[in-house]
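**Q** Straight from TrEMBL, here's the annotation block:
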- B:6-27: transmembrane segment (TRANSMEM)
- B:39-72: transmembrane segment (TRANSMEM)
- B:78-99: transmembrane segment (TRANSMEM)
- B:123-146: transmembrane segment (TRANSMEM)
- B:166-194: transmembrane segment (TRANSMEM)
- B:206-227: transmembrane segment (TRANSMEM)
- B:233-253: transmembrane segment (TRANSMEM)
Amino acid sequence: MLEAPFMLRALAELTLLALICGPVSVFVFARRLSFVADALTHTVFPGVVAGFLVSGADGVFGGALVAGLVTAVVLTLLTRGGLLSDDAATAVVLTALFSVGVALVSRRSSYTSDLTAFLFGRLLTVTPGQLVETAVLAVLTLTLVAIGARAWVFRAFDVGGAAAAGYRIARLDLALNLVVALVVVAAVRAVGTILVVALLIVPAAAARMLTDRLIAMAAAGTVLTLLCGYAGLWLSWTASVDHGVRLTSATAVVLALVLAYVLLLPVGLLRRRRPA
Amino acid sequence: MTYAYAEAVLAGALAGLIGVQVVLRRLSYFTMALTHATFPGVVAAAILGVSITLGGALAGVLVACGVAALTRRRGQDAAAATGVIVAAGFAIGVGLVALQDGFSRELSSFLVGSIVTTGRQDVVTTAIVLILVAGVLAFFGRGLLFTGFDAAAARSAGYRPGLYDLLLLVTIELVIVTIVPAVGTILALALIVAPAAAARLWSTRLPVVTGLAVTLGMLSGLLGLPLSGLLDIAAGAAITLVAAAFLIASLAARRTS
Amino acid sequence: MAEPPPPGPVPAQRHASQPTALRIEAAGFGYRGTTVLWDVELTVGEGRTLALVGPNGAGKSTLIKSVTGLADLVTGSVTVLGRALPKARGLAAYVPQAETLDPDFPVSAADVVLMGRYRRIGWWRPTGRADRDAALAALDRVGLADRASTRFGLLSGGQRQRVLVARAIAAEARLLLLDEPLNGVDATSQERILTALGELTATGTAVVISTHDLAVAARIADQVCVLNGRQWAAGTPGEVLTPEVLREAYGNHAVDLPDGRTMLVET
């Protein structure tokens, strides 16, 4: 299947995302930010729609970026306020902003196909330009991760200790939320929301079954994502070319990742039972 | 259109009622996982030609038990497992849809619902479920509260927290299966969490919070529908925005006071 | 700098010559503007040990967390090593209760101790040989050098607490804040921790430790402060750990007397 250039580009995009999401998902895991990651992927939607309405396809990236950064800030503030519990605040931000997106898009005639594009992305129509965008964001994200990693681990493990050591907890939290937002923005147009969610959560969760080391988790997560990305692309290719089943490639990649997680579950349970 | 209004109000009441439990126990993300995990059940039921409510409910209860087992351990693994279920549920549902035609339409109606096409049968079902859930909460309310607040103390007092957790899960799942076809997953989550979270800001007494949550849920439905007509936007989105507006107003009011 | 008159019979003479590690003046502590601990007035000299005692919910944790920046200083002032809060953040090392930390978290004992070095390492420099050596040396001080690569959550409760003390040692801070470090800790670990604290104070580090155990307070502290919603008494163990003072502060709670007996104090 790789003789088709668009498949090669799809694989390149997935490779870049695997490099980002292996490490970033470790922090999402350690800080239990699954719900925040989920919320960010949904709240980027109104930005995508608004960006498109304002200046067409070129506005999508900017719109998504603005929406992602705004959500990261709002979520950080709301979960610090203490009036609402974290999860309720996140749920409301997620649903409310997603609804703004749906409200905007439902005024257009191509309603359902727009929604579908957002959910599944257009992995097979990734352009070289988009690849460059993703690569730039990958470098930016990985640099931020390299700088912030120690502080984030400390904060995730022991807030009190990190605060006493002089770290500003609010700023650390905001920075991590912003990094997650950047990843979402980098990936959402190409691979769609559900795959972004899966990429931010599953790699570390699956890798945790294999190792107790954070660095090893990041590496294993990246390798796993690469394997599943390739497997998913092959699966959707075979399904549509050989069997006429229109399985989107993003969906297939998610299914491959989830399958890997399920297969690794017993490994994790076994390791836990007999601690080395 | 009368049916749509009746459904919106009943769904609001139902969501507000169960929402109090969801918010107090911090089960918002878990509820989202349940909504997503119900999706493949509904699709499978449609493919097999059995009743969607029944199929969804059956799959939902199975999923609820699975989710409960996976997330039994608190901590990082639980949060991650919930996230995996959200992604998996949605992807499996979409995969199943792909086996059929009519791909996009069903998908968007799953996300945002199709309240305008509600019929008499749907309204009757929602009303019955409302009575059922109210009965369950009235009858088991004390135990649910006790086990949710302090499982260890409840256990020593003779309650069985595991059973109560399961009862609550199944009840939440029942609500989801009932309201998702009409209002969609995203709205279902909003309608469950937002009114209860808003009500929680005004009082700490459970009966007051519950009453207020039900009222706000019903108002969200009642005001959201005409708003959607007025602005020409999707009904589910309009109702969600009204529910969120109630919460924001409550936050502002409580913060300044 | 005028020394404020300490409340109660504090042995001011003995401390006056010492440079101050921690000074708390007319302070109220709490969360989000709600004060839970009033009227605290304390001075800890370098190399000195202050024990905070009091019943559950007395405000011991709140005081410690306020100094670390996790709870709020509502009124008054707190000065750490000559710098006032909030500028003083990062100067003290904090030892939380081990059981409040997630045992599933994927870090090894050495990783945890290395966290104590992070502020020295800074944002940009990679973790170096010297930092690793310092971490291992700190682990050795609490007798856990051979468990360096064991996952934190697989250690016993007492060993976890020792790892956290090692983290504070590795931080080389001049002020240590320990929140109930002896709760549910085995005898070996308790001795290891107390010995390590003794070695630290001998080199001039000041220690603030909260504890339920009045016998331990009497044994290691130069100064004891009895808290219950406010500061009830402060002074040498001999002055403060008396039935009269404790009965007043604890109400009708059970009290472990310094000589090891338990006394039920009636109101």
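Glycine is no exception: its Cβ is also placed from the backbone N, Cα and C atoms.
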**Q** If we skip the immediate neighbours and take only residues 6+ beyond the ends of the transmembrane segment (B:123-146), which ones have a Cβ under 8 Å from one of its Cβ atoms?
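**A** For the transmembrane segment (B:123-146), the sequence-distant neighbours (Cβ-Cβ under 8 Å, at least 6 residues beyond its ends) are 3, 6-7, 10-11, 13-14, 17-18, 21, 53, 153-154, 157, 159, 164, 167-168, 171, 174-175, 178-179, 182, 206, 210.
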**Q** So, does the transmembrane segment (B:39-72) come close enough to the transmembrane segment (B:206-227) to give 3+ Cβ pairs below 8 Å, pairs being at least 6 apart in sequence?
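**A** Contact between the transmembrane segment (B:39-72) and the transmembrane segment (B:206-227): absent, because fewer than 3 Cβ pairs are under 8 Å.
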**Q** Pairs of Cβ atoms less than 8 Å apart decide it: which stretch in B:39-72, B:78-99, B:166-194, B:233-253 has the most with the transmembrane segment (B:6-27)?
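**A** Ranked by Cβ pairs under 8 Å, first place goes to B:166-194.
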**Q** Using a Cβ-Cβ cut-off of under 8 Å, list the residues of the same chain that are 6+ residues beyond the ends of the transmembrane segment (B:233-253) and lie near it.
**A** 4, 8, 12, 111-113, 115-116, 183-184, 186-187, 190-191, 194-195, 197-199, 201-202, 216-217, 219-221, 223-225, 227
**Q** Given a Cβ distance threshold of under 8 angstroms, which distant residues of the chain, six or more beyond its ends, lie next to the transmembrane segment (B:166-194)?
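**A** Tertiary neighbours of the transmembrane segment (B:166-194) are 7-8, 11-12, 14-16, 18-19, 21-23, 25, 27-28, 31-32, 34-36, 38-39, 42, 52-53, 56-57, 60-61, 63-65, 67-68, 109-115, 118, 122, 125-126, 129, 132-133, 136-137, 140, 144, 148, 216-217, 220-221, 235-237, 239-240, 243-244, 246-247.
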**Q** Please indicate, using numbers and ranges, the residues of the same chain that are 6 or more beyond the transmembrane segment (B:39-72) and have a C-beta under 8 Å from a C-beta there.
**A** 30, 33, 78, 81-82, 85, 89-90, 92-93, 96-97, 99-100, 106, 110, 125, 165-166, 169-170, 172-174, 176-178, 180-181, 185
